Amino acid sequence: MSKSASPKEPEQLRKLFIGGLSFETTDESLRSHFEQWGTLTDCVVMRDPNTKRSRGFGFVTYATVEEVDAAMNTTPHKVDGRVVEPKRAVSREDSQRPGAHLTVKKIFVGGIKEDTEEHHLRDYFEQYGKIEVIEIMTDRGSGKKRGFAFVTFDDHDSVDKIVIQKYHTVKGHNCEVRKALPKQEMASASSSQRGRRGSGNFGGGRGDGFGGNDNFGRGGNFSGRGGFGGSCGGGGYGGSGDGYNGFGNDGSNFGGGGSYNDFGNYNNQSSNFGPMKGGNFGGRSSGPYGGGGQYFAKPQNQGGYGVSSSSSSYGSGRRF
């Protein structure tokens, strides 16, 4: 059996989201460009179901992960005269996590054990790309390790590739890996939930047409219903804009009103967003991504963040 015919690599790992498309781009012209790096098993420009007008983004699916890597290692990509932004497609489940679609070079690693050292993290994560910095967080007073770390890479695709993997094992223990948001992103998220309640800006920083009236970009507002922090609270990843400063100060503030305390429970009031089917931004069967304002999905309530699943889940029980 040829590698391209092998079913062993999940489709989600072989799929790329392509943002910033020209409204003139068709399935055929998108395919013509990206098939230079391998065999495409699927290629689609997402369109408004009523007007059939392009929504400015699409998806391509390769036969192998190796072909995806080859495409991502080639930049820039220009389709129909316009520079586009390919990123590894995010699954529906993962899209509900704050910051799931932001472009960052740093990951948060939670649930690591006290005997985990920097070289253990490096040995595992360097398979995904060049590591610039590893920070294992400790308590300022006691010096005790707090059960989480940050790893910074030289390229955002390394982070995207890591977070779409469901399981990561460091020194024999499963750990939780998520994107780490820069302070300015957290501040934008916090301010967005106080100031913007429109149809939703997907990043807001670059202005490329993403879909309908939405904007696709790298910084700022993800949704008009309250940004990352939910529609009611102080908002943002760090609660009232504290961001990751909370890690080094008093309570390990990670999410609006939540905490990650010494190998323990992660509590968060963050809202969930991004309904997708199999990473298809709503999919062809479940409706357009963002159509009718459907940026939020029902929280999953699947237990704690990392080590314990005894108390609250990642996502509060609110439905938007």
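Note: Cβ is positioned from N, Cα and C throughout, glycine not excepted.
According to Swiss-Prot, the feature region 'Globular A domain' maps to 4-94. Within the region 'Globular A domain' (4-94), the DSSP-based counts of helix, strand and coil residues read 28 helix, 32 strand, 31 coil.
Summarising the annotation, Swiss-Prot assigns domain 'RRM 1' to 14-97.
Each residue in the region 'Globular B domain' (95-185) gets a DSSP state, and the totals come to 23 helix, 32 strand, 36 coil. Look at Swiss-Prot and you will find 95-185 tagged as region 'Globular B domain'.
The domain 'RRM 2' annotation in Swiss-Prot covers 105-184, and the record cites sequence analysis as its basis.
The region 'Disordered' annotation in Swiss-Prot covers 181-216 (among others).
Residues or ranges marked as asymmetric dimethylarginine in Swiss-Prot (evidence: similarity to another entry): R194 (among others).
Taken from Swiss-Prot, the feature compositional bias 'Gly residues' applies to 198-216 (among others).
According to Swiss-Prot, the asymmetric dimethylarginine annotation covers R206 (among others).
If you look up Swiss-Prot, you'll see 218-240 marked as region 'RNA-binding RGG-box'.
Annotation comment: Swiss-Prot describes R218 (among others) as asymmetric dimethylarginine, evidence class similarity to another entry.
Residues or ranges marked as asymmetric dimethylarginine in Swiss-Prot (evidence: similarity to another entry): R225 (among others).
Per Swiss-Prot, region 'Nuclear targeting sequence' is recorded for 268-305, and the stated evidence type is similarity to another entry.
Per Swiss-Prot, region 'Disordered' is recorded for 271-320 (among others).
The compositional bias 'Gly residues' annotation in Swiss-Prot covers 276-294 (among others).
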Notebook entry, point to check: Can you give the mean pLDDT for the region 'RNA-binding RGG-box' (218-240), rounded to a whole number?
Noted result: 34
